[in-house]
Amino acid sequence: MERTKVVVCGATGMVGQIYVAMLSDHPWFELVGVAASERSAGKQYGDVARWYIQGDIPARARNMTILPCTADAIAATGATLVFSALPSDVAGPVERSLADAGVAVVADTASHRMDADVPLIVPEVNADHLEALSLQRKGGKRGFIVTGPNCSTAGLVLSLKPLQLAFGIRRVIVVTMQALSGAGYAGVPSMAIIDNLIPYIKGEEEKMECETQKMLGSWMDGAFQPANIPVSASCNRVAVLDGHTESVLVELDRPASPEEVESVMRSFQGEPQRLHLPTAPDHPILVRSESDRPQPRLDRLAGEPARARGMAAVVGRVRSDPAFATGIKYTVLSHNTIRGAAGNAVLTAELLAAKDLL
Ligand code: NAP
């Protein structure tokens, strides 16, 4: 099978580097270009990227000349699929111009997440929302935009979906402890975070609250119907490099024991597992029984097979909550730049390919 040619926009950043690593030997996608800001364009990727992933920069990307993020430069590579990891304030118009030029755009950025015709996807949770692409493709257009959620929403919705299916959900209260890489390379100065935590992340709580409702809702009669589930989020930045940890309290519609909750989480699978997509973890949720897990250092790279490392959410400390008759609380951890960004987007692109939507 001929591989789909892809370009990564924002390839030098925290998320962009994960793309470069994941795409350097991908069976379905061929990395043909890396793009970044005008500051980097024209330079060699290996000279500019401040590589933070264990191991060397993949040979394929090291000597690539960085492109500007323009439709013309990207079209010249022959790419028909672009992964966008641009800063939110520049992503909106760039992604739109690429889609208008006929390119499939899979984005990690916030700009188009809540658009009425843009699917916001975690493939195990709401693959059916891809039906919204028919709106974007009206009139025979080839290009489109699909997005993934905020990094802290990804792990949350993965853990909530099996509960919604099995027991129904009345409300969700979540407190996050989010890693530094979630703020980008230049995000949080070391003097602000060492020996400290910061109990505020701009815009994050609002994103978690509305994105969760969109993703747990349905696509019906040509529109997204958000789930009627109030979500209350409190977001904190902590001195962890990678991996967002979240304390979650869920009020269920029907009572369930911790054992029943663990059981539905353990057996949960979605479209990626049914379709055997290359980056799909065998089990999207791993449940730990130890009382002190999950932990970022130990659990952030969970997921089998090897290509799916960092794609599984890890849940632990599942217990009943004394404040709500049908309350369940637990801790969930997911890797913010893999499941919360690049890995989720690569899996989404695999889903698009498997459904013949690319
Ligand atoms: P980052 O480390 O700051 O990287 C930003 C990237 O965008 C770099 O490649 C940078 O290139 C490029 N860029 C900056 N300004 C540009 C411009 N004007 N035109 C074109 N390219 C430009 O950020 P990040 O953490 O990877 O995040 C990227 C996006 O993903 C953001 O929208 C973020 O909200 C989203 N996201 C991040 C995470 C996470 O965990 N980090 C998770 C989910 C979603 P230069 O090197 O040339 O400056």
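Any Cβ shown, glycine's included, is placed from N, Cα and C.
Remember, TrEMBL labels are computer predictions, not curated facts.
DSSP classifies CYS151 (active site, acyl-thioester intermediate) as helix under the three-state reduction. Residues near CYS151 (active site, acyl-thioester intermediate) in space but far in sequence (CB under 8 A, at least 6 apart, same chain), listed by position: GLN178, GLY182, HIS244, ASN336, THR337, GLY340, ALA341. The active site, acyl-thioester intermediate feature in TrEMBL is assigned to CYS151.
Positions annotated as active site, proton acceptor by TrEMBL: HIS244.
Residues or ranges marked as compositional bias 'Basic and acidic residues' in TrEMBL: 289-298.
Taken as a whole, the domain 'Semialdehyde dehydrogenase NAD-binding' (5-133) shows an average pLDDT of 97 in this prediction. For 5-133, the entry in TrEMBL reads domain 'Semialdehyde dehydrogenase NAD-binding'.
Residue counts for the region 'Disordered' (278-298) under DSSP (helix as H, G, I; strand as E, B; rest coil) come to 3 helix, 3 strand, 15 coil. Annotation source TrEMBL lists region 'Disordered' at 278-298.
Under DSSP, residues within the domain 'Semialdehyde dehydrogenase NAD-binding' (5-133) fall into helix, strand and coil as 47 helix, 26 strand, 56 coil.
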